[in-house]
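Colleague: One structure, as C-alpha cells, below. Some questions next.
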Amino acid sequence: MTNTVLSPPPAPVEPRHRWLPFGDRSRSSRLRKVLAWLAGLVLVLVVLELLGVDVLGWFSDLWDALSAIGFGYLVAGWTLQSLKTGLTAFAWYSILRVAFPAGRVAFLQILAAYAAGVALNGFLPANLGTVVTLLMYVAIIPGANLPGVLGGMVVHKIFFSFAGAFVYVYLIVSASGSLDIDLPDLGGHPVLLLGALAGAALLLVILGRTFWRKLRGLWAEAVQGGAILAQPREYALKVALPSFGAWLAKLGVIAVFLAGYGITVTFHTVMSVVGSGSIANVVSVTPGGVGVNQAADVAALSGVTDTATATAYSIGQQLAITAWNVAFALVLVVWAFGWTGGKLLVEQSYADAKVKVEEQKVRRAETKATKRAR
C-alpha cells in the first residue's frame with residue numbers, strides 16, 4: 001500500500017468586494033481602484049454642483065475658516081475636541097459595561113459609535129446623530145435593548161444637566177444690571193414686604209415640587225440602564241469624572257478658537273458662548289444648527305467684539321470642528337468595524353433612527369388629537 005501524503009486543504013479565501021481596494025493583493029489593481037474611487041468622487045461633486053448644491057462653496061468656506069487662524073490653534077482645538085469625544089465615550093462605556101455585563105462591551109466600538117453620532121450631528125437636524133449612536137449601541141452590544149440604552153443616556157446626562165444648570169445660574173447672576181435694579185423702599189410698607197416674601201417662598205415651593213417630580217421621573221427611567229448608580233464610587237470615578245473632563249475640554253475648544261480670532265478670552269465670555277450654544281441646540285431645526293448657532297454666538301459676544309468677528313469665529317469653529325469630527329469618526333468606524341461593516345452599521349442605524357423619529361412624531365400627533373377630542 002502506497003503511503004500518500006495528503007496536502008492540507010487550501011486556506012479559505014476571505015471574501016472581498018470587487019470594487020474596493022482593501023484586500024486586493026495586486027498593487028496595480030489597488031491603485032486603479034483608488035484612482036477610480038477618486039474619479040467617482042469628483043464626478044459626484046460635479047453632479048451635486050449641477051443640481052444646485054454648493055459643494056465648492058462649502059469647501060471654500062472651510063478653507064477660509066481654517067486659514068483665518070493659525071495652524072497651532074487648529075491643532076489645539078482638534079486635540080481638545082478629540083479628548084472631549086474620548087472622555088464622553090469612556091463615560092458611556094462605563095455605564096453600558098455595568099448595565100450589560102454579559103455583552104462584553106468593547107471601548108473602541110463604543111468610541112466609534114459615539115464619534116459617528118457626533119459627526120452626523122454636524123449635518124443632521126434635531127440631533128438625529130444622537131439617535132443613530134443609541135441604535136448603534138443596541139446593535140453592537142449583545143443583549144442590549146433600546147429602553148436600557150435610553151436609561152443609560154439618562155444616567156450619562158446627570159452630570160451635564162448639573163453643568164448646564166451651573167452655566168445658566170452663573171449667567172443670570174452675573175448678567176449686567178441684573179442685581180442693580182432700583183427697588184422701591186419697602187421699609188415703610190411691612191404688609192407689602194411680607195407679601196413679597198410670601199410670594200417668593202411660594203414660588204420656590206412650586207419650583208421645588210416641579211423639579212422633584214421631574215427628578216423622580218428621571219430616576220425611574222435611569223433604573224433600567226443605570227445599574228452603575230448602585231456603585232457610587234464607580235459612577236464618580238468612571239462617569240462623573242470623565243464627564244467633567246469632557247466638559248472642561250469643551251470649554252477649552254471654545255477658548256482656543258476665541259483666542260484664534262482675536263476675541264478676549266475670559267471665564268464670562270466662555271460661559272456666554274456655552275450658554276448661547278445650549279439654547280441654540282434646543283431650538284435649532286436646521287442641519288447642524290447652521291444659522292441658529294451663529295445668531296446665538298453673535299448675541300453672546302456682542303459686548304466683547306463686533307458682529308463680523310463674532311460671525312467669523314462662530315462659522316470658523318463650526319466648520320473646523322465639524323470637518324475634524326467627520327475625519328475622526330471615519331477613522332474610528334473603519335478601525336472598529338471595518339470598512340464594509342462600519343458603513344452598513346451606520347447606514348442601518350441612520351435608517352432606524354429616522355423611523356424612530358417618525359414614530360415619535362406620529363405618537364405626539366395622536367396624543368394631541370386625543371386631547372382635542374376630549
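Each residue, glycine too, has its Cβ placed from N, Cα and C.
Sharing the record's features from TrEMBL:
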TRANSMEM  34-59  transmembrane segment
TRANSMEM  71-93  transmembrane segment
TRANSMEM  105-124  transmembrane segment
TRANSMEM  130-151  transmembrane segment
TRANSMEM  158-179  transmembrane segment
TRANSMEM  191-212  transmembrane segment
TRANSMEM  239-263  transmembrane segment
TRANSMEM  323-346  transmembrane segment
Colleague: If you count Cβ pairs under 8 Å, which stretch among 71-93, 105-124, 158-179, 239-263 touches the transmembrane segment (130-151) the most?
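Modeller: Stretch with the highest Cβ contact count: 105-124.
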Colleague: If you count every Cβ pair below 8 Å, which range out of 105-124, 158-179, 239-263 shares the most with the transmembrane segment (71-93)?
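Modeller: Top-ranked stretch among 105-124, 158-179, 239-263: 239-263.
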Colleague: Can you name the far-off residues of the same chain, 6+ from the ends of the transmembrane segment (105-124), with a Cβ under 8 Å from a Cβ of it?
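Modeller: Tertiary neighbours of the transmembrane segment (105-124) are 85-86, 88-90, 92-93, 96-97, 130-134, 136-137, 140-141, 287-288, 318, 321-322, 325-326, 328-330, 332-333, 335-337, 342, 346, 350.
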